[in-house]
Every structure is written in C-alpha cells, then in structure tokens.
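The structure under discussion appears below in the form of structure tokens.
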Amino acid sequence: MKGPLRDANFLRFWTAVTVSGIGSQITLMALPLTALVVLHADPVQLGVLSGLQYVPAVVVLPFAGVVADHWPAKLVNAGCDLARGLILLTVPIVTATGVLSLNWLYGLGLAMGVFKALGDVAHHSMLPRIVSEEQLVPGNAAVSTSYSVVDVTGPGLAGLLVQLLGAPYAILVDAVSYLLSASLLATLKLRFSGRKGPQRLRWGTAITEGFRYFFRDRRVLAFGVASGLGNICIQAFEVTIIIYVVQSLALTPALLGVVVAAGAVGGIAGSAFAAYVHSRFPAGPTIFAAQFMSGVGVMAAASATLLDGTAARVAVLVACMFVSTFALAVYNVHAISARQAIVRPELMGRVTASYRLISHGAIPLGALAGGIAAQSLGTATTVFLTGTVQALLPVAFLLTSFGIIYRNPGLVRASEGQA
C-alpha cells in the first residue's frame, strides 16, 4: 500500500504545514519583542497583545466550520494563509515608515486571530480529503512530527533572525512562509471539495447541524470531552512547572530548558512512533494507555522533590517529561485521526469547530486552576494532582458511555485496509 509520504499531493500539504509552522515560531517571538523593544510596551500591554490573538476564536469558530464545509477547503486554507502573510507584511512596512504603534499591533493581533481560527478549522478538515481512511494515522503522525520538530528548532531560528534582522523585520520571514504555504495549498487535489458555493446557505441551520452531530455522536463527544479535560490538566501543569522547577527544586533556568527540551523530544518521538503503534496494536487500548501514561509521567514528576541532588532531580524530570509528551503525542494522533474517520466529510468543518470550542476553550480554565492550586497547595502537590487527574480520566471514562472510544474508536488500521 502506498503510504502518505509517497503521495505527492500529501507531500505538498505536509510541506505547506511545515513551512508556515516555522514562520509562526518566528512571529511568536518577534511580535512581542517588537512591542517590547521598539514600542517599550509594559507587561500588561504584552498580555493584551497575546490575548487578542485568541479572542476572535470564540466568535469565529462556529462560522469557520460552516465556511470550511461549504467552500472549497483548499481555497479557504490558502486564502487564510494568504491573508495572514499580507497582514504580517505590514509590520516591517509601518516600522520603516515610522508609524508603528501598539494600536496597530493590537489590530494586527485581532486580524491574525480571525484567520487563525478559520484556517485551523479548514486545516483539520483537509487531511481526510487528501488521504484514504486507513492512511489517516500515518498522515497525522507525519504532520504531528513536523509540528514537534518545529517546536524544538523554531525558537532557535527565531532568536537568530531577531538578532540579525531586528524583531519587526524578522516577521517578514513569517509573511513569506505564509505566502509560500498558500501557493502550495492552492494546488492540492481533494477527495471532497465542499459544496458548490454558498447558495441558499442558512447559517443558523448549518451551525446547528455541526453542534447537533457533535453532541449526538458519543465517540466524537467523548474525544472532545477527553481532550477538554486533558487540556485543563496539561495547562495547569504548564503554569506550575516553571515555578516548580526553578523555585521549589532550586534548579537553574538552563536546567529548566533541558527539562522542557526533553518534553519536546518526547513529542517528536511519540508522533513519529504513533503510526507504528497503530499498525501493531488495537486503537482502543492504545488510546487508553496513551492517556493513562501521559498522566503518570506528570504525576511522577512530583517525586523529584523527594530526591537530593541536582543530577537526580533533573534525571527524573527529564524521564517524566519524555514519557508524558511521548504518550500525549500518540494519543493526539489517534484522537484526531478517529474524529476524521468518524465524521462525514460534508460536516467535518463544523464538527471540528464544535470540538475545538470544547477542547481549546478549556485551556484558560486550566491556566486559572493551575495558578490557584499552586498558590494554595504548593507546586509539588499541584503537579501530582494534575497528573493524577489526567491518569484517572480514561479509568473514569471506562465506567461511562464515553468508554466507547476504547472499545470502538472508529479507526481503521492500515493492515486492515485495501492493499
């Protein structure tokens, strides 16, 4: 059977995702540095700039799903990347002309947030239209590996470009990456291209159809709830881990970097290994084990506080971070692939939008919960509790109708597909 990496159509999609991902890492660093260094923004203003990029998602996501389902997905995706590229081009231009301001950056953040929300939904609707169902896991594994590699290499490249070009002009590289991604996406050949135009489109009815499908299909709903609850735990841990490592364990920022890097490497390894796991083991038990081990890795990280010596503490943290992110990557690849396999192509965008409202909408709750818990219970206790809750989630699901994702997740193994 021809794998996705031998498919020229998939390779164009994969290249577009990777190129724009590298560019996004540059802007992730360069945009706040532009506000800080050029405009002398204070911490509150930096927080506003960061938050504005996520505000539009709450309003845009339901409509984004309808757009992704009713317009040609590749054009929606390409159009969003084109728009983001053009928006980012304005930063070096207004900097050079001396009219750059915080209000300009605030507006840019809002505009980028709109096209990010729309583009992300269209992006997650694309893969089932590019590869066959039995190739969803290998395809998602390849994309996830690219994201993980970019997460590791991107900050270093971003730092170098900011150093060489200056923050506003480093953003130019991201603008070019979006324009290149748009040109690649526009040439894709899709199995299902969306309905032919928006004629007679009733937005309210279309949005309701997506929510109705999401809440009626127990497997899709279970994956959404699992991801939402999991994201609360993960975000609470991410808020706590920096304080835990630097203050509670008295490790240096450099060693914190080593711990974080171990997590990134675990994500790369888990993404790369997910397709192999899928071809060898049943999907349901794999999803259960991955969820469970991701929590166990976090939970075990709390044991570092019981150890004496820097080397021992770092070794435990590195091992725990690697295990947790490895397992999380395996889970994410299987969960995304299962949703793409279950949902009908003509509803993929709207169901994805509903899914992301639940799964990503939970992230701020996790950040708030993590901060409150760390302050009131202590960082080690918070790390242990977040890991424990995360590990117990699949156990609790087994006792409810949501346990269907472990018994019948809806995934086809490559070995079960057509030769």
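Backbone N, Cα and C define each Cβ position, glycine as well.
Within the same chain, residues 4-5, 45-46, 49-50, 81, 88, 91, 95, 100-102, 105, 109, 123, 126-127, 130, 142-143, 146-147, 150-151, 153-155, 157-159, 161-162, 167-168, 170-171, 173-178, 180-182, 184-185, 187-188 sit at least 6 positions outside the transmembrane segment (12-39) and bring their C-beta atoms closer than 8 Å to a C-beta of that stretch. Taken from TrEMBL, the feature transmembrane segment covers 12-39 (among others).
Long-range contacts of the transmembrane segment (51-73) within the same chain, counting only residues at least 6 positions beyond its ends with a Cβ under 8 Å from a Cβ of the stretch, are 106, 109-110, 112-114, 116-118, 120-122, 125-126, 129, 190, 192-195, 197-198, 201, 203, 206-207, 210-211, 346-354, 356-357, 360-361. As annotated by TrEMBL, transmembrane segment applies to 51-73 (among others).
Listed as Cβ neighbours of the transmembrane segment (85-106) (distance under 8 Å, sequence separation of 6 or more from its ends, same chain) are residues 27, 31, 34-35, 38-39, 41, 45, 48-49, 52, 112, 115, 168-169, 171-172, 174-179, 182. The transmembrane segment annotation in TrEMBL covers 85-106 (among others).
The feature transmembrane segment is assigned by TrEMBL to 169-192 (among others). Long-range Cβ contacts of the transmembrane segment (169-192) within its own chain (Cβ-Cβ under 8 Å, at least 6 residues beyond either end) map to 9, 12-13, 15-17, 19-20, 22-24, 26-27, 30-31, 34, 72-75, 77-79, 81-82, 84-86, 88-89, 91-92, 95, 126, 128-130, 158, 161-162, 345-346.
According to TrEMBL, the transmembrane segment annotation covers 220-246 (among others).
Using a Cβ-Cβ cut-off under 8 Å and counting only residues 6 or more beyond its ends in the same chain, the transmembrane segment (252-276) has close neighbours at 137-138, 140-142, 144-145, 147-149, 151-152, 241-242, 245-246, 310, 314, 317-319, 321-330, 333-334, 414. The annotation transmembrane segment is assigned in TrEMBL to 252-276 (among others).
Residues 226, 230, 233, 237, 241, 244, 248-249, 313, 316-317, 320-328, 330-331, 334, 380-381, 383-384, 386-395, 398, 406 of the same chain lie 6 or more positions beyond the ends of the transmembrane segment (288-307) yet place their CB under 8 Å from a CB of it. Annotated transmembrane segment per TrEMBL: 288-307 (among others), in sequence order.
Annotation comment: TrEMBL describes 313-336 (among others) as transmembrane segment. Beyond its flanks by at least six residues, the transmembrane segment (313-336) meets 124, 137, 140-141, 144, 148, 223, 226-227, 234, 245, 249, 251, 255, 258-260, 262-271, 273-275, 277-278, 283, 286-287, 289-298, 300-301, 303-305, 307, 387, 409, 411 of its own chain at Cβ-Cβ distances under 8 Å.
What TrEMBL records for 357-377 (among others) is transmembrane segment. If one looks beyond the transmembrane segment (357-377) by at least 6 residues along the same chain, the residues whose Cβ comes under 8 Å of a Cβ in the stretch are 57-58, 61-62, 224-225, 227-229, 231-240, 243-244, 385-386.
Per TrEMBL, transmembrane segment is recorded for 383-406 (among others).
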Legend entry - Outside the transmembrane segment (220-246), six or more residues from its ends: residues with CB under 8 Å to it: 213-214, 252-253, 255-256, 259, 291, 294-295, 298, 301, 317, 328, 335, 338-339, 342-343, 351, 354-355, 358-367, 369-371, 373-374, 379-380, 382-383, 386-387, 389-390, 393-394, 397, 401-405
